[in-house]
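Here the structure is laid out as structure tokens; the discussion comes afterwards.
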Amino acid sequence: MRRNKITIIGAGNVGATAAHWAASRGLGDILLLDVVEGVPQGKALDLLQSGPVDGFSNRITGSNDFADLAGSDVVIITAGLARKPGMSRDDLLAKNVAIVKSCAEQVAKHAPDCVLIVVTNPIDAMVYTAFKVTGFPRERVIGMAGVLDSARYRTFLAEALGVAPRDVNALVMGIHGDNMLPLIRLANVAGVPVTDLLSAEELAAIVHRTQHGGAEIVNHLKTGSAFYTPGLAAVEMAEAVLTDSKRVLPCAAYVEGEFGFSGCFLGVPVVLGDKGVERIIQFKLTDEEQKAMAESETAVRKQMAATGL
Ligand code: LMR
């Protein structure tokens, strides 16, 4: 039986960590691709050698040759610069747009049927770049961010409540930036609304911490940004595609009228299956939530204009 093939472009912290999570979950054969000679090969070999201990038997290889993308079912683009303290994600745009463009060209050439997941920042503009450059249908180009932001939100809620993080259900929509929208009214612990359990002040502090969750880690690390949860979030999405699981995950998807927005990528809940985005789940937002989404859209469009595409 043919095994799934997952290619991760960019063998830096996020890419290598995504490879690690994907191997550990036994998602399929993994190719780590990077322009820096030796790095993807060395990391892939190191990861491969953890197989006997961790119990996986995937093929894991590293390469500098983009022709090796051929046959990929899912491609995850992580290549690009990470921010440092004092920088916003938007400060990465000019450099990362060139990197994502060249990666996307290679994906379109060598893996024209894959589902493409984009992790490079600023994500909403980089996924738009990949969408434009590949010419893939909107179903097959998806940005990672909602899984990461929602995981942060769930973590902070769980900490405040003293409960297991996995029992907290919560959704973050909109841009992967300061204007993101952690929905308070829908957050719950095993079905119990968090608004019944935490004060408005406590919830406001958690929302604010979630919106600035990436910067909090950048300020600790000083030399780069988060990678464990971004890598896992991308793999969670890849797994939903590869297993056709119909999981509902918040992702940056190209909207065509959903929630009243069109022609841009925004974080929304989507059903993921083997074709990629099967459907965006729409529901009625309150006026305040709709306004926050409009602010996200404005910020995304500013980024899109800066890509020059
Ligand atoms: C994150 O949210 O951790 C990533 O987008 C990296 C960053 O620059 O914050």
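From the backbone N, Cα and C atoms, a Cβ is placed for every residue, glycine too.
Automatic, uncurated: that is what TrEMBL annotation is.
Annotated features in TrEMBL:
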- HIS176: active site, proton acceptor (ACT_SITE)
- GLY10, ALA11, GLY12, ASN13, VAL14, GLY15, ASP34, ASN96, VAL119, THR120, ASN121: NAD(+) binding site (BINDING)
- ARG83, ARG89, ASN121, ARG152: substrate binding site (BINDING)
- 5-143: domain 'Lactate/malate dehydrogenase N-terminal' (DOMAIN)
- 148-304: domain 'Lactate/malate dehydrogenase C-terminal' (DOMAIN)
Contacting binding-site residues, sequence order - GLY12, ASP34, VAL119, ARG152 vs ligand 1, Cβ under 6 Å: none
Separation of alpha carbons, ARG83 (substrate binding site) and VAL119 (NAD(+) binding site) (Å): 13
Under 8 Å by Cβ from ARG89 (substrate binding site), counting only residues of that chain that are 6 or more apart: ARG83, ASN121, PRO122, ILE123, HIS176, GLY177, GLY214
Secondary structure content, the domain 'Lactate/malate dehydrogenase N-terminal' (5-143) (per DSSP, counts of residues): 67 helix, 25 strand, 47 coil
GLY12 (NAD(+) binding site), number of other Cβ atoms within 10 Å: 18
Longest CA-CA distance among GLY10, ALA11, GLY12, ASN13, VAL14, GLY15, ASP34, ASN96, VAL119, THR120, ASN121, per record bound to NAD(+), angstrom: 17
Separation of alpha carbons, ARG152 (substrate binding site) and GLY12 (NAD(+) binding site) (Å): 22
